[in-house]
Amino acid sequence: MTAVTIPGLDQAPTTHARLLTWVQEVAELTTPNEVVWVDGSEEESARINAKLVAAGTFVPLKKKPNSFWCASDPSDVARVEERTFICSVDPADCGPTNNWMQPAEMKAIMTELYRGCMRGRTMYVIPFCMGPLEAESPMLGVEITDSEYVVASMRIMTRMGAKALAKFGEDADFVPALHSVGAPLEPGQADVAWPCNETKYITQFPEERAIWSFGSGYGGNALLGKKCYSLRIASAKARDEGWLAEHMLILKLTSPENKVHYIAAAFPSACGKTNLAMLEPTIEGWKVETLGDDIAWMRFGEDGRLYAVNPEFGFFGVAPGTDYHTNPNAMRTIERGNSLFTNVALTDDGDIWWEGMGEPPAHLTSWKKQDWTPDSGELSSHPNSRYCTPMSQCPILAPEWDDPKGVPISAIFFGGRRATTVPLVTESRDWQHGVFMGATLSSETTAAAVGQVGVVRRDPMAMLPFIGYHAGDYFQHWIDMGKNANAEKLPKIFYVNWFRRGEDKRFLWPGFGENSRVLKWAIERIEGKASAQETAIGHVPAPESLDLSGLDAPVADIEAALEFDAQEWRAELPLIEEWFTKIGDKLPTSLRDEFEALKQRLG
Ligand code: GTP
Ligand code: SPV
Ligand code: MN
């Protein structure tokens, strides 16, 4: 056997045999110039950022400390759902919402793509931990990548480097996550600012708990601790072990009487999780603190309550629409620096700008790296442009954010972006009905994924692109979680919609900070203090039970936002029928029963 010598390969700061073997195999397959074991230190971060600046990938911001502007290749701006695969051993463990391929077939294809794909580049080995390092069994992973942008982003988004590697010992379990931008460099070939490949694969092997990603540098496609690990792989693991991995924010709500409730909420991509998680209540005496803005892992505690932990360490938030009026706490978080901005506009004085920040400056450099003026007739920032910023900088971070025990959830919100039909808030009748609400959740597509925007589709529990196994089994798992629990201690489930519109397309509900009124109603329902009206779709606020004091909005709009319209809901039934037909034989009978009961109630 000829020993391949790649500089750095033998510098491993670990004796973990499985990790060493895997790194060696990947290095031999992808043939990088050198291997770097990422330690997560300040010096290393400075080195990586300097390399990205020299390559033209990063532009340092003059107005924000240790922060960088970055523009992707215009073709690599969002998740690629069509190119995302769940390669379960048995095809029945997958679908109908996933793309499937036999693991061996996928590995054969991707192995050929990976062969020599890191030529001329550095291969980085990033040990990371999703969730608190002090967890009883820390959720470990290792991402191998040839992208410095990924290293810089993973440093913000995960607990990584030496502190994560310290948890590996000799033989701890970990998720291997292989990533390449798929852009080898020939000797003498100049690099581009954003290397990527037209061919893309985002592949999960759920049984093996492994991830292979190729061709993209964008967030969810490339930062493999995020959607690939913490949702697709984790959801499969959660099904096997009796917990939940969900696309949910986690917030702490404190009432004027100092009662604390924790709320988790699932909204599809670009539908308001980050904004709700950091909300500044407009109602007197209520306080919101943030625990997470995108992902929640939830399991039952010894006291029978459902506890949630955020596996992430940073926020990867939608930039457009974010400003001091809509989300002041996100603005304060990024003001503190140490942040990356991808596909937003760059101001002439070295700051960032995006649509929604008020009056645009007279001149900008757009996300396409072109001169931009208010007359350009196109957006300065991509609609899915993002800020990547450390959670620790959030001024309203809840003190218990890093507690491995998690926080006990009082309420789960499901919500989507619907111009019609779905009222501002509806309370489910019970757990099973709440699961039905989640399973039939619908939303207009957004720029977070490649494809048409504004098309209504079913997005069950906001997990459509993220369920790592068969959606019917996933629904059954949700039902079973409720059955195995003490009903008294289960979170109450609500369905919300901040995005209902009037005839002239304006939003009927002012949203953002005003959403605190809905949080308050939900908590008062749980505490038995607020009244509700029963409708065919669930309980809606009784007149006067929703606190509208001081709300500056036309009464007619609020009424229209709150309205349950039986006619609109009857029109919804065939769409639910079609969705359930698509799920097929694995649809839990209890959800079929819920559907029949809804039909009955609607008459
Ligand atoms: P992902 O990070 O993609 O999972 O998205 P997210 O669910 O965290 O979405 P985010 O909070 O970033 O919001 C996406 C867009 O919706 C932004 O442009 C927000 O300004 C807008 N938005 C958020 N909350 C509200 C609201 O209450 N009302 C209205 N009208 N828009 C909102
Ligand atoms: C989403 O699309 O839901 C996101 C951004 O939160 S990404 O990390 O790209 O998935
Ligand atoms: Mn998300």
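Each Cβ is built from the backbone N, Cα and C atoms, and glycine gets one as well.
Because TrEMBL annotations are produced automatically, they should be read as predictions rather than curated entries.
Feature annotation from TrEMBL assigns active site to Cys271. For Cys271 (active site), the same-chain residues 6+ apart in sequence whose C-beta sits under 8 angstroms from its C-beta are Gly415, Gly416, Arg417, Ser443, Thr446, Ala462, Phe499.
The Cβ neighbour count for Arg386 (substrate binding site), using a 10 Å radius and every protein chain shown, is 27. Look at TrEMBL and you will find Arg79, Tyr218, Gly219, Gly220, Ser269, Asn384, Ser385, Arg386 tagged as substrate binding site.
The Mn(2+) binding site feature in TrEMBL is assigned to Lys227, His247, Asp294. Using a 10 Å radius centred on the Cβ of Asp294 (Mn(2+) binding site) and all shown protein chains, the other Cβ atoms total 26.
Here TrEMBL flags Ala270, Cys271, Gly272, Lys273, Thr274, Asn275, Arg386, Arg417, Phe512, Gly513, Glu514, Asn515 as GTP binding site. Within 10 Å of the C-beta of Gly272 (GTP binding site) we count 24 further C-beta atoms, all protein chains included.
The domain 'Phosphoenolpyruvate carboxykinase GTP-utilising N-terminal' feature in TrEMBL is assigned to 22-239.
According to TrEMBL, the feature domain 'Phosphoenolpyruvate carboxykinase C-terminal P-loop' maps to 243-601.
Recorded residues His247 (Mn(2+) binding site) and Ser269 (substrate binding site) have their alpha carbons 9 Å apart, per Cα-Cα distance. Among the binding-site residues Gly219, Gly220, Glu514, the ones whose Cα is located within 10 Å of the Cα of Lys227 (Mn(2+) binding site) are Gly219, Gly220.
The CA atom of Tyr218 (substrate binding site) is located 32 Å away from the CA atom of Glu514 (GTP binding site). Gly219 (substrate binding site) sits 18 Å from Gly272 (GTP binding site), counting Cα to Cα. Here the C-alpha separation of Arg386 (substrate binding site) and Ala270 (GTP binding site) works out to 11 Å. Each residue in Gly220, Lys226, Ser230, Leu231, Ser269, Ile295, Phe466 lies on the same chain as Lys227, His247, Asp294 and has a C-beta within 8 Å of the C-beta centroid of that Mn(2+) site, without being one of the site residues.
Not a single one of the binding-site residues among Tyr218, Gly219, Gly220, Lys227, His247, Asn384 has a C-beta coming within less than 6 Å of an atom of ligand 1.
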